Amino acid sequence: MSAARAAHPGIDNPGASAVAAKGWLAANKWLLARRLSQALVVAVFLTGPLWGVWIAKGNLASSLTLGVLPLTDPLMVLQALAAGHVMTAAALIGAAIVLAAYLVVGGRMYCSWVCPVNAVTDLAHWLRTRLGIEKGLSLNRRTRLWVLGGVLAASAVTGAIAWELVNPVTMLHRGLVTGSILTFGSASLITLAVFLFDLGVAQRGWCTHLCPVGAFYGLLGRAAVLRVAAVNRAACDDCMDCFAVCPERHVIAPALRGADKGVGPVIMSHDCTNCGRCIDVCSKTVFRFDTRFHNVPSDAPPSKAGVKAA
Amino acid sequence: MARHHKTGGDAVDHNRRAVLAGTVKGACTVGLIGALLAIPARRRAEAVALRPPGAVAEKDFLAACVRCGLCVKDCPYDTLKLSDLGDGPTLGTPFFNARKVPCEMCEHIPCVAACPTGALDKGLKDIKNAKMGVAVLVGQETCLNFLGLRCDVCYRVCPRIGEAITLELSHNARTAKHAFFIPTVHSAKCTGCGKCERACVLDEAAIKVLPHALATGQLGKHYRLGWEEKKSAGGSLVEPSPEVQVRGMEGVEMTPGGTYKLEKRPDGGFKEFKP
């Protein structure tokens, strides 16, 4: 173990070399932007109840912004449909807007930029690394697709929107925007459960393996335009920092290591959450946000002989 | 570790770390099971919780409501709440507790206007047609009016005074000289706003708003009310009974109602009766 750590100090403290190379701010740029975005998604709902300035009403299930913009979770509409209810115009328009937006920016951008549970599971993962807890319960990341199927089946059988009895995403967001998180209620209990599950039971257990909301948005992201690309992959020195921080680490290798196989530099997996953490922690500036259209091998400058060997 | 210690301390440190990690894992598992069990364990039976005005039937409501809370936000009186563990209704769905804050029956029904999903039916244009539930005077042994007093508060606060709640007079046999003024709810007019329940002066309300099915009962689907059928058909639906001959009444004329026209004799018998 010590030997492995000595070879790859990044695994113990990913991002250290990026901080040294680029400075702390540049090495945490996207993480900070993401936390800000997640905080804003809560804050816009809180200005009304706290100060009487209404920006958004409702919660992540369905909301109305500035009195004109309806947004509805399309998975909710789908569950209602399975349960036998066709929603009224406001919800359908809201769901269409959400669908259109995530088709462009990448479905799982919801997970890393909007969903409040992300901050909880990221904290659990950070603590888990700090405490040196090994991987734990092994789950297949496709489990979430089965959970998603089960959610729709349960809605169809019971005639009720089934996932809302469990959904930590809406429960936590509801708890944050109504203040009920401060009580010993569903929001705090389910959040605690997810946190403890990710900390002590399964590494990145919830978001990466089980959450059907993430699975649904992942399916939406198959054709997404906005992507992370390893444009400068020739400069990669195999420090493994990006793998250490990535919540979906299987998405990186094809793009980062695909030069010899003629694979383009864009991360095309719909599991990628566009969190941008790999961009942050790379001291060689290998990654950047790009579009799916720049995915021919020639979009990444050719490998310089000797870089890998060094 | 290599950051904090010289190589010699590594083994000891690694051991300590493994113990710590194991402890944390165990604690997390215990905590996780605890939190998951606490969710159903915190459920408490509450007799009834009322849905906002315009709510579709409960079965359909759970297929439509996304628990967004927009109705709650637009309720100007903070009547509506989203259900949490122990509140009774399905987690996250809107409800109100009439004893705490009743529905003020806003003219423009903002909660219905706010609903994006159709869980609250936009077809409800007049709040007087709302059916959030039906008030029932359950405390017939404690209601002050039932005890012979003139409390009348539920009647007075009813937004449909004299229609949804009326005071029905009856004789008070206990005092033999007073009347009972019995508050009587008419389910066809009651919106279930709960102002009566809120205002009831007792420690525990004698009048409570209950969901329709609980409050009114349900006749078997095959039941027909003869007098209603007769009214809508404009006449009796059954053939008049054939004339029945009664011994001793031969030749006596019958009324269309099927009774004999009889004249009493001074000795108590009937003039027409010839035994």
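Glycine is treated like the rest: Cβ placed from N, Cα and C.
According to TrEMBL, the protein carries these features:
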- A:227-257: domain '4Fe-4S ferredoxin-type' (DOMAIN)
- A:263-292: domain '4Fe-4S ferredoxin-type' (DOMAIN)
- A:39-56: transmembrane segment (TRANSMEM)
- A:76-105: transmembrane segment (TRANSMEM)
- A:145-163: transmembrane segment (TRANSMEM)
- A:175-197: transmembrane segment (TRANSMEM)
Contacting positions for the transmembrane segment (A:39-56) when only residues 6+ beyond its ends and CB under 8 Å are counted | 63-67, 114, 116, 173, 176-179
Spatial neighbours of the transmembrane segment (A:145-163) far in sequence, C-beta under 8 Å, 6+ residues away = 75-76, 78-80, 82-84, 210-213, 215-216
Quick one: DSSP breakdown of the domain '4Fe-4S ferredoxin-type' (A:227-257) into helix, strand and coil?
-> 16 helix, 3 strand, 12 coil
Grouping DSSP H, G, I as helix and E, B as strand, the residues of the domain '4Fe-4S ferredoxin-type' (A:263-292) number 5 helix, 5 strand, 20 coil
Roughly where does the domain '4Fe-4S ferredoxin-type' (A:263-292) sit in mean pLDDT, to the nearest integer?
-> 90
